[in-house]
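This is the structure, below, for whatever I ask next.
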Amino acid sequence: MYRIRVFGDPVLRKRAKPVTKFDDNLKKTIERMIETMYHYDGVGLAAPQVGISQRFFVMDVGNGPVAVINPEILEIDPETEVAEEGCLSFPEIFVEIERSKRIKVKYQNTRGEYVEEELEGYAARVFQHEFDHLNGVLIIDRISPAKRLLLRKKLMDIARTVKR
C-alpha cells in the first residue's frame, strides 16, 4: 500500500510525464494503487497522489477498477453540473466543483492498447478530477478565492503534515 501525498507536497503541483513502459512494474504499481484507493475508500487515485509523477490513474465508479494511462480528453460537453467533491490529498475537505456532464476520452490500458469511450455523470466527474491531478491541478484551484480563504486554516493544517 502507498502513503497518500497531501496538500503541500510538491509532487501534486507538477505536470506528470507520460508512461512509456508498459511492463510488470507498471502493473504492480497499478495493483498497489487500487489496493490503496480501496483502503482509503476512494473512487479514484492518481499516480502523483502516491508520489509518482507519471500520467496514469485508477478509478472505480461501481463497475470494477480501471487503469487509465496517458489519458486525453477529446471532447467536453458544454453542459455542466455542480457537485461536492472530496480528495484523498485533502483529508476531510469537501467542496462544490463545476464540471462537464459528459466527456469523450482516450487512454491506454495496461497492455498499451488505446481505449476510446464516452463518460457521463459520476464517471465523467471522477475522470476529470483524476485527470486534473496529472496536470498539477487540485480541487482548491477550481473554487473561488473567497471559498479558498474560508478553507485556509484547514489547508495550512494539512500542509504542516507534509514530510520534507
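Heads up, residue numbers simply count up from 1 along the chain you see.
From the backbone N, Cα and C atoms, a Cβ is placed for every residue, glycine too.
Pulled these features from Swiss-Prot for this protein:
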BINDING   CYS87, HIS129, HIS133  Fe cation binding site
ACT_SITE  GLU130  active site
Neighbours of the Fe cation site CYS87, HIS129, HIS133: Cβ within 8 Å of the Cβ centroid, same chain, sequence order.
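Filtered neighbour residues, in order: GLY44, ALA46, GLN49, GLU85, LEU88, SER89, GLU130, ASP132, LEU138, ILE139.
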Helix, strand or coil by DSSP: which one applies to the residue listed as 'active site'?
helix
Just to verify a number: CA distance, GLU130 (active site) to CYS87 (Fe cation binding site), in angstrom, no decimals.
10
